[in-house]
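A.B. asks: Pasting a structure below so you can have a look.
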Amino acid sequence: MARQLFTPPITNPRFDPNQSIRESYKNTTGGMQFQQNLHEDQNDNERSSCDGDENSTTGERLENNKSPILTKQEIDEALNTVTNLPPELSKLIDIFIDDLKQPKYVRPLSVLQLSSLFQSFYIKFDKASFQHVSSANNNGYYFSGGGSSSFLAAKETLSSGLSGIFGRSRSSSGNSLMRPRRSSSLFSNESISNSTNATQMLSPEEIKKQLKINELNNMKIEKYMELCERDVFKKILIVGTSVSSPNKMKTFKPHQLQTFKVGNLFRNSVEFTEYNKLLNEKILCLSKLSTMNKINLIKFLSLNNGIDPEPKFEEIKDILYEFTYHSISPCEKIKALLKLHEIMTYSQEMSNDDYLSLLIYYIITIVPRDIFLNAEFIRLFRYKKKLVETESFALTNLEAALVFVEGLTKNDFSNELQDKLTVNESKILENSISSRVSLPSKTAIMHKNNGNNGSNLGDIVTPTIQRPDVTRSNSYDGFRTVFDSSLKNIIGKIRSYTPPHPNNTSNNNLHSSNNLNIPRSSSQLSMELSNRDTTEMSRDGSRSTSSSSRSSASLEHGNREFTGDLTVTASINGADKKEFQKSWKKYKGYKFEDLTICELRDLFEIYQKMMQ
């Protein structure tokens, strides 16, 4: 019987099989490696005893270097000074608003097109804010040893990488072996001490300070973006949303509460306004049913027994009014929405279903008007780069609550309640709003990152509105309008003509022998005759009655001449005339937009034959 070999069990818990395999296939370079491994194995127990302390110390060091902790005092000192935009950034807003007010578009912009313009402006303003903060903090970079080195210049210039390889001498002399070599390590102390071109590296304290400066700069840029949204819509509140009319600037008293009507931005998008109108009617209808005790909202929405909506009712009401009526910019509205979310969260164990049920209860009970347009206003006009994480979560919850309300029908209630509904209430609750009004699709259009910047870690990909092409006056539509009017002018000249009186045949022949037989309209003839009479009046100094009678007679003669020539042509080509009439009358019931290119070419050829 053959002897079987067994591998003894591994008793050391620190034994790593993968490391054993790697060490087994590694080339032996000498006894130093084995001694080093033996020394590490002997001191393994000592290292394991202090692993926890070392890991915690290293973690704290990395945490301090990568994400510096800013105190509240440092943040307040940096942001309290930023109350208004700098003049160069405020000028960008003025230019943007003035550009929107220019009548340079063929038709009024829809809310989706307007949103695309705002998002493009936000990206440009964000870049301009970064440049402004960078230029303002050029002297804020940390300098060490009186040198002119910056954070990005803290590296070795000639002693690292390929430059260190190609910088060496190719001489084969024996002394070159003893010469100190340039190190290829980025953090080599030898290269710093030996190389005169090396730049002093930043210490951990200097790196930490620079990271704090960068974090404060990012906060300043975010503050500038909030002020940008505020100032843009405050100026729109003053100048309006129509084409520029400087004489109709709105003025507000100091104590007057400014109210921004979000619906003005959606007036060119009928789908949104109609959807909002129907949703307002349905919310009001449900509120009346609840007030008349026809439905029990708490029972219908299955609110948790531990949640009582009444104690915070007035506070929630004030926040919803602030959200819908008194806030202006998207950042102000989203702050009110976040505050609403914070107040409604009773405990950490509260599920999202309980939160949605409570939010629906407050919406139906308080009845804030145009809440749908306010939610869409945030979705469209809030800077996409900022509408992430908690902001996106709060807005999505509000949209989910509104979707639940718009989908309610009378079939969702009991038969007893359906019998008590009036005709108007039954009509409102007949169908869902989405089945009656179709909004522009958002699901097929995925979020595009702003500009060419990489997406930050933690950003949530959110559906957004595609940037539709904005039609300008020099577009294809403008060309089609011009072509439309010119061709209609040509077709309008094709009219039936009455034959002249037979007594005027001799006069026509006499007149045709002296003039070229070019068909002209009566308006052209009258202009020529009036110009000729004016010339005669300037020569004689006065205009006689015979001259005016002669002009009217000449005009009548010209008209008969024109129709007479066409009559002669038509009598010669009688068969062709019938064919022409039959060919172009078949387009009598057509609209210009319905004609194809071939049919337009056919009409043009008919016109050319008529003019021959």
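We count from 1, first residue shown onward.
Including glycine, each Cβ sits where the backbone N, Cα and C put it.
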A.B. asks: Looking at Swiss-Prot, which of SER67, SER329 is flagged as phosphoserine?
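C.D. replies: The phosphoserine feature in Swiss-Prot corresponds to SER67.
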A.B. asks: Of SER149, SER163, SER327, SER432, which does Swiss-Prot mark as phosphoserine?
C.D. replies: SER163
A.B. asks: Here are some residues: SER203, SER245. Which is flagged as phosphoserine in Swiss-Prot?
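C.D. replies: Among SER203, SER245, the residue Swiss-Prot annotates as phosphoserine is SER245.
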A.B. asks: Which residue from SER169, SER176, SER185, SER414 is recorded in Swiss-Prot as phosphoserine?
C.D. replies: SER185
A.B. asks: I'd like the per-state residue tally for the domain 'VPS9' (273-414) from DSSP, helix first, then strand, then coil.
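C.D. replies: For that range the per-state counts are 98 helix, 0 strand, 44 coil.
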